[in-house]
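Student: There's a structure below that I have some questions on.
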Amino acid sequence: MHVSSKFTVGCDASVLLKASTTNPSPENNPIFNLRGFELIDAAKAAVEAICPRVVSCADILAFAARDAIHLLTPGGCIYDVPSGRCDGTVSSFQEALVNLPPPTFNLTQLKRMFESKNLSFDELITLSGAHSIGQVHCSSFTSRLYPYNPTHLDSGFAHALQRECPKNAAVDCLVPQDHVTPDALDVQYYTNVLNNQVLFFSDYSLSTDPVAKATMQLYSTDFRNVRWRPKFIAAMQKLGQFKVLTGTQGQIRKTCAAVN
Ligand code: HEM
């Protein structure tokens, strides 16, 4: 699941709350194309069966991100994630709309949004490397294909995407975020940006800044991952601490999809 779980209000699992009669319009709106909820539900059920009402859904999400990073990193990658987060009880679609960067954002807008979350420009570039894994719905970027702008998008890549995502593509049609090493969390994303072979305008816009470009050139040749990976992990740890609820500020949900 993507960064939205942390960006909207904080690391409180508000993104997992489903629509209910008391809250018909939570963060979890189809417009954001989020997926993988069933995995978090399965992890929560397994933990609850052994140790009821101790581990929050917010902690489970943070651990799942840590484990996904380990499993998708060639050679593995283990890092510490503190526990003790509580689950929030508020989840609002409107809040998510205002707080999540859309894929149409330009560099100025991205910078501003990250700064509002106390994340630097360097952290924006570093965290964007996560777009080297996962799958994307065609609908998240088809506006860039019909017509495509050859200054923003490599023409060979654009034609390949047009075949995978025709104008009338099914709403659930998915393509890999990184077409070169789709299942590896690596520095390939940065080569893709520099080659104009990325899906979103927001990804492309990083290459329009000379400082970002120089950083991405360094990252893209960092095959032993001594530059990018430590910075990525540090930024993920920082994200995992974003507006955490503790003690009586939240609750430990029984199931992740609903407040107690
Ligand atoms: C810089 C601003 C960002 C924008 C505009 C953005 C936008 C998006 C969009 C639109 C999707 C595709 C949703 C879909 O169609 O299914 C996506 C997917 C994804 N994003 Fe981001 N994102 C950003 C930053 C991040 C960050 C900081 C991370 C993690 C640290 C991240 C991790 C991911 C992952 C892993 C996916 C694939 C999800 C899946 O496989 O279902 N993104 N992003």
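Glycine is treated like the rest: Cβ placed from N, Cα and C.
No curator has checked TrEMBL annotations; they are predicted automatically.
Per TrEMBL, the feature domain 'Plant heme peroxidase family profile' maps to 1-260. The annotation Ca(2+) 1 binding site is assigned in TrEMBL to G10, D12, S14. TrEMBL lists C57-C256, C138-C165 with the feature disulfide bond. The Ca(2+) 2 binding site annotation in TrEMBL covers D178, T181, D186.
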Student: Between C256 (disulfide bond) and D186 (Ca(2+) 2 binding site), what C-alpha distance do you get in Å?
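Tutor: With the alpha carbons as reference points, the distance is 30 Å.
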Student: Between C-alpha atoms, which of these recorded positions comes nearest to S14 (Ca(2+) 1 binding site): C138, C165, D186?
Tutor: C138
Student: Pop the Cα-Cα gap between D12 (Ca(2+) 1 binding site) and C138 (disulfide bond) into the table, whole Å please.
Tutor: 29
Student: I want the residues beyond D178, T181, D186 whose C-beta is within 8 angstroms of the mean position of the Ca(2+) 2 site's C-beta atoms, in chain order.
Tutor: S132, I133, V180, P182, D183, A184, L185, V187, Q188, Y189
Student: Given a 10 Å Cβ-Cβ cut-off, pick out the one of the disulfide-bonded residues C57, C165, C256 that has the most other Cβ atoms nearby.
Tutor: C57
Student: Could you give the Cα-Cα distance between C57 (disulfide bond) and D186 (Ca(2+) 2 binding site), in whole Å?
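Tutor: Given the Cα positions, C57 (disulfide bond) is 28 Å from D186 (Ca(2+) 2 binding site).
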Student: According to DSSP, which kind of secondary structure is S14 (Ca(2+) 1 binding site) found in, if we only use helix, strand and coil?
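Tutor: Its secondary structure by DSSP: helix.
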Student: Cβ-Cβ under 8 Å from G10 (Ca(2+) 1 binding site), same chain, 6 or more residues apart: which ones?
Tutor: G88, F242, K243, V244, L245
Student: Taking every protein chain shown into account, which of the binding-site residues D12, D178, D186 has the largest tally of Cβ atoms within 10 Å of its Cβ?
Tutor: D12
